[in-house]
């Protein structure tokens, strides 16, 4: 399809006209089971009545004013997020990259206020935090940074799930002010952190006076079966970032702060034109209401466990399958070879997925996914994987 669009996406040859629940329809009225949810964004699926009503009603009243005025919807969503997370304050923006950029700025400003004029942040290998220059510098992907140097300095990358490496990095660099990590790496191949590792990092940050900053852009808002994935480890970060599913498809991001990170910013130290507008925040409130009222945390946990077990059982012993892993409805199937073609083959079979880290099939279906729909994913995907592996022998 020729267009005036910048050539930055390797798009699949399909476009969709409408959706309902976990299903999408293309221009030829063919139906697809959406097991990707816009890469974890459409957490309520498509056409959710409560979300549609909230967006429609708010759009009819007021779409945008400015953050130089009070925004009641913004204040209401901030209160709900604070209640759910135990955090103290919320800064809204428009995306995960912006949320993480704000977190990086906060960590540097936190250090600056303590006399550290070149604050350093410890980050993890294989991580993903965004495409702005600072978030790229924090991201554990040389490929993503290629051609965009020089990168901002002040980031120290260590192996994921390696507490001694974090401790050693802090001993080697006295200007460390924060640790930034994902509880469950998404773009990094659906790699979960150990609960003991998370608890150890929390303790280490407390001992050293560092901020623990957790990127929940992909894993937050119920995807793993709790509101936020770090809650499985029974810890609280000092900074948390959110986006993707927060407003069910309306662009929004958020940076939450607590403890020593709360109150670091002051008027003029950060800002955004569109962040936390009435429309996006009304959508965010509707998403939280739906997750609570429809029991979607429990559904994500139970249906996710069912899907995980079914995939693991059907693929057990299959040559070329390394592991099925993840939590809730954030799952990955790692193969021993590049498998990007599986996204196309699955689409041709009526299933939407994607592949990350070249050889990990990623599943991020809506939180409303039923057990029957999970079984449909298995029935379509498992034969495709086995056929692909057999052809590659």
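Quick reminder: no glycine exception, Cβ is built from N, Cα and C everywhere.
Spatially close to residue 272 (N(2)-acetyl-L-ornithine binding site) yet at least six residues away along the chain are 67, 92, 93, 94, 98, judged by Cβ distances under 8 angstroms. Residue 272 (N(2)-acetyl-L-ornithine binding site) falls outside any helix or strand according to DSSP and counts as coil. Annotation source Swiss-Prot lists N(2)-acetyl-L-ornithine binding site at 131, 272, citing sequence analysis.
What Swiss-Prot records for 215, 216, 217, 218, 273 is pyridoxal 5'-phosphate binding site, and it gives sequence analysis as the kind of evidence. Around residue 273 (pyridoxal 5'-phosphate binding site), the same-chain residues six or more apart in sequence whose CB sits under 8 Å from its CB are 66, 67, listed in sequence order.
Shown in sequence order, 39, 40, 41, 43, 96, 217, 218, 220, 221 are the residues of the chain, 6+ apart in sequence, with a C-beta less than 8 angstroms from the C-beta of residue 244 (N6-(pyridoxal phosphate)lysine). In the three-state DSSP classification, residue 244 (N6-(pyridoxal phosphate)lysine) falls within a helix. The N6-(pyridoxal phosphate)lysine annotation in Swiss-Prot covers 244 and rests on sequence analysis.
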Here the binding-site residues are 215, 216; the one whose Cβ sees the most other Cβ atoms within 10 Å is 215
Where among the binding-site residues 131, 217, 218 do you find the Cβ with the fewest other Cβ atoms within 10 Å? 131
Measuring Cα to Cα, tell me the gap between residue 131 (N(2)-acetyl-L-ornithine binding site) and residue 216 (pyridoxal 5'-phosphate binding site) in whole angstrom. 16
